[in-house]
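The block underneath contains the structure these notes are about, expressed in structure tokens.
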């Protein structure tokens, strides 16, 4: 552990009497921020520290690169490398002095990722109930919808991806980063396969394997490259953008030629997904240390996911109805 001097930009937000004395107390709290360790991880975090000094309460909000918070000699030491500190003087009140730290690196992204996970779970569960309890079944109790298994796998991969997204944005370490990136690539690759199989109406198992095998091999190779050779962020972005754009184009063309009764939902997802993808490509600095382009991308996918699962349910009803009419 080493103590590192920090060049910080300090903003005093309140005009109070004896300001110099108040600020001294505030800097006593800020001194806890001047610790660094080898556990450093990259990412933006808002840390709130409150100190009950002799002249009042000093609240320090620091936009930091966080390492950890540990208790040592009955004091909580926040081991961070701080870039900006905002000191706010609060009115004095009676009570015990406290020093607390809230260690969530990107709380907005975590919240949006969790909401995406919840929407996917709701969509997948409603899809499962629709197929097995609301739509007619075959005599052998199997569903009519030929793509049911594919969509179930999609739902599980989606929930897995958003779970690791929540974990990664909560605590950015090497393991959570690899799990987040790997699960996202796996989901994108599988979504591309699913788009091809559904739009081309490929129902024969052998043909599905022939179409899927090259893409599965590529996705596995890419994930292995990221995990065992080099975490190349630029290359990974290109791969993800190509797979994302490819499936959006496939769904858009199919929506235009298939005359699907719920094609307007497809158009909403395609257009919205394309616009949302721009947030991933054209990043910008976090607004007030919380909301950046990536967090906004997480936000835009929430309503799009709800519409998407609505389309999937509509497609199941449409295909089941068509097959029942043919059977008659």
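Backbone N, Cα and C atoms are what each Cβ position is placed from, and that goes for glycine too.
Here the structure is a predicted model, which means the values were calculated and not measured.
What TrEMBL records for 77-104 (among others) is transmembrane segment.
According to TrEMBL, the feature transmembrane segment maps to 110-131 (among others). If you look at the transmembrane segment (110-131), the same-chain residues 6 or more away from its ends with a CB under 8 A from one of its CBs are 104, 143, 145, 148, 151-152, 155-156, 158-159, 162-163, 165-166, 169-170, 295, 298-299, 301-302, 305-306, 308-310, 312-313, 316-317.
According to TrEMBL, the feature transmembrane segment maps to 143-164 (among others).
Residues 147, 150-151, 153-154, 157-158, 160-161, 163-165, 167-168, 208, 211-212, 215-216, 218-219, 222-223, 226-227, 231, 236, 239-240, 243-244, 246-247, 250-251 of the same chain lie 6 or more positions beyond the ends of the transmembrane segment (179-197) yet place their CB under 8 Å from a CB of it. According to TrEMBL, the transmembrane segment annotation covers 179-197 (among others).
Taken from TrEMBL, the feature transmembrane segment covers 209-229 (among others). Residues 178, 181-182, 185-186, 189-190, 192-193, 196-197, 200, 202, 236, 239 of the same chain lie 6 or more positions beyond the ends of the transmembrane segment (209-229) yet place their CB under 8 Å from a CB of it.
Distant neighbours of the transmembrane segment (235-257): 181, 184-185, 188-189, 191-192, 195-196, 198-199, 222, 226, 263, 266-267, 269-270, 273-274, 277, 280-281; these residues of the same chain sit at least 6 beyond its ends, with a Cβ under 8 Å from one of its Cβ atoms. The transmembrane segment annotation in TrEMBL covers 235-257 (among others).
Non-local neighbours of the transmembrane segment (264-282) in the same chain are 237, 240-241, 244-245, 248, 251-252, 254-255, 293-294, 296-297, 300-301, 303-304, 307-308, 310-311, 314; each lies 6+ residues outside the stretch with a CB under 8 Å from one of its CB atoms. Among the features that TrEMBL reports, transmembrane segment is placed at 264-282 (among others).
Remote same-chain partners of the transmembrane segment (294-312), defined as residues 6 or more beyond its termini with a Cβ less than 8 Å from a stretch Cβ, comprise 106, 108-109, 112-113, 115-116, 119-120, 122-124, 126-127, 151, 158, 165, 262, 265-266, 268-269, 272-273, 275-277, 279-280, 283, 286. Taken from TrEMBL, the feature transmembrane segment applies to 294-312 (among others).
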